[in-house]
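Have a look at the structure below before the remarks.
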Ligand SMILES: [Zn+2]
């Protein structure tokens, strides 16, 4: 039986690298994979998953309107798909996670989703919320804070390096930067901002 996996982490834990390695392992054995990434992610050229250590692969794009289940089924009808790998899966909607559950259960194709657990405010993304609820396997990919503890929060910084506490959940393509930190250093940074804005 195929399973639905959610590989989650804060920013810069090597999610794309891990995805590309898994896809490579399938391909090496002559098996076909489908790789997806979010249309919203404009960091790299469209239609590619790229890792920070230099690996890359072509990818299909999904937006929040994409019927991802139908797309996978069509591809599978043309040539057997052995595994589906989705980068930036936190951008998926509840409906799309339901579609992926069906691909896993009815089409018996393993689906591996890679994404962030929470946004810079510490709130769940829609995709992450339903993957945490419904995935068969939850796997945390770890990265570390500057203090050496596990980083499970993401700070959003403006172009001057000042911490931003409010704003839209998605702001890819802005001049913001994201830094992964532990919960304590996230709290410290956010409290510092709140203190100085009260003065
Ligand atoms: Zn820390």
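Glycine residues also receive a Cβ, built from the backbone N, Cα and C atoms like all the rest.
Please treat TrEMBL annotations as automatic predictions, because they have not gone through curation.
These features come from TrEMBL:
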- 9, 10, 11, 12, 13, 14, 15, 16, 87, 88, 89, 90: ATP binding site (BINDING)
- 88: active site, proton acceptor (ACT_SITE)
- 145, 147, 182, 185: Zn(2+) binding site (BINDING)
- 170, 171, 172, 173, 178: substrate binding site (BINDING)
So how many other Cβ atoms are close to residue 88 (active site, proton acceptor), meaning within 10 Å of its Cβ?
26
Using CB under 6 Å from any atom of ligand 1, narrow the binding-site residues 89, 178, 185 to the ones that qualify.
185
Under 8 Å between C-beta atoms and at least six apart in sequence, can you list the same-chain neighbours of residue 13 (ATP binding site), or say none if there are none?
141, 142, 143, 151, 180
Cβ neighbours of residue 182 (Zn(2+) binding site) where a neighbour is any other Cβ within 10 Å:
19
Relative to the Cβ of residue 11 (ATP binding site), which residues of the same chain, six or more apart in sequence, are found under 8 Å away?
116, 143, 154, 178, 179, 180
Report the member of 89, 145, 147, 170 (the binding-site residues) whose C-beta atom has the most other C-beta atoms within 10 angstroms.
89
I'd like the Cβ neighbour count for residue 185 (Zn(2+) binding site), meaning other Cβ atoms within 10 Å of its Cβ, all protein chains included.
18
What same-chain residues, at least 6 away in sequence, bring their CB to under 8 Å of the CB of residue 9 (ATP binding site)?
15, 116, 117, 140, 141, 142, 143, 152
Through the lens of DSSP with three states only, how would you label residue 147 (Zn(2+) binding site)?
coil
Whole-number Å distance between the CA of residue 88 (active site, proton acceptor) and the CA of residue 147 (Zn(2+) binding site)?
27
Which one of the binding-site residues (87, 171) has its C-beta surrounded by the most other C-beta atoms within 10 angstroms?
87
Using all protein chains in view, find how many other C-beta atoms are within 10 Å of the C-beta of residue 15 (ATP binding site).
24
Helix, strand or coil: which one is residue 89 (ATP binding site) in, per DSSP?
helix
